[in-house]
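Shown next, in structure tokens, is the structure this report addresses.
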Amino acid sequence: MAIKDWPEGEGPRDKLLLKGASHLSDAELLAVLLRNGLSGLNAVDLARSLIQEFGGLRSLLCAPKHQVCRLPGVGPVKYAQLQAAAELARRVAQENLQRGQVLTNPDLTRDYLMRQLADRSYEVFAILLLDSQHRVIQFVELFRGTIDSASVYPREVVSLVLEKKAAAVIVCHNHPSGIAEPSQADRRITERLKNALATIDVSLLDHMVVGDREIVSFAERGWIN
């Protein structure tokens, strides 16, 4: 049945306006973004099929364009709408960790990094620059692609730290596989960065590895002394 034929107030857009977005299911929220379905499949049914196809919202939003657009009812326009929504969510998270904010709550840092990196289909190595009071200076994405000990250059990290006058840093990267367990290469990178930063008297507070639903902290495991 087409959504326009549903009882008044039951369509996803009407329900959102009447009750608020929190009252909508994942499929209903996605349907609001998609706006319409295709022949024989309304927007909610299309949204539900997309979520099922990719195994969840996060996997759908981080899927590459060719994987999404190959499905019936989803073209470049709908793909662009989904990507815009995902980017807005990341930017909201970025505003929550504003310049000058003191990182006294580890959960805030985890939530921020999860929103920034968990939905990427490629590896990103980034750095959170802090001042001597552990206030945020800037979050910077440094490297993209396959992250290993050969592709992360300590001198570039040191150069950025000096440029921004940071006193401490948290480095982080994601695992597109969704598994946050650090590799031996991750541990080697961390040791090289810690030693390089020590030469300019800057503390490496942590290296966080972001998976689909968890973050592994090197500091919590005692791997950064």
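In case you wondered, yes, glycine gets a Cβ from its N, Cα and C as well.
What Swiss-Prot says about this protein:
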- His173, His175, Asp186: Zn(2+) binding site (BINDING)
- 102-224: domain 'MPN' (DOMAIN)
- 173-186: motif 'JAMM motif' (MOTIF)
Subject >> Model confidence over the motif 'JAMM motif' (173-186) (mean pLDDT, whole number) >> reply: 90
**OP:** Check His175 (Zn(2+) binding site) against DSSP and tell me helix, strand or coil, would you?
**Re:** coil
**OP:** Measure from the Cβ of His173 (Zn(2+) binding site) and count the other Cβ atoms within 10 Å, all protein chains considered.
**Re:** 25
Original post:
List, by number or range, the same-chain residues at least 6 past the motif 'JAMM motif' (173-186) whose CB is under 8 A from its CB atoms?
Top reply: 117-118, 120-126, 147-149, 207, 209-216, 218
Original post:
Mind checking how the domain 'MPN' (102-224) divides into helix, strand and coil residues in DSSP?
Top reply: 38 helix, 36 strand, 49 coil
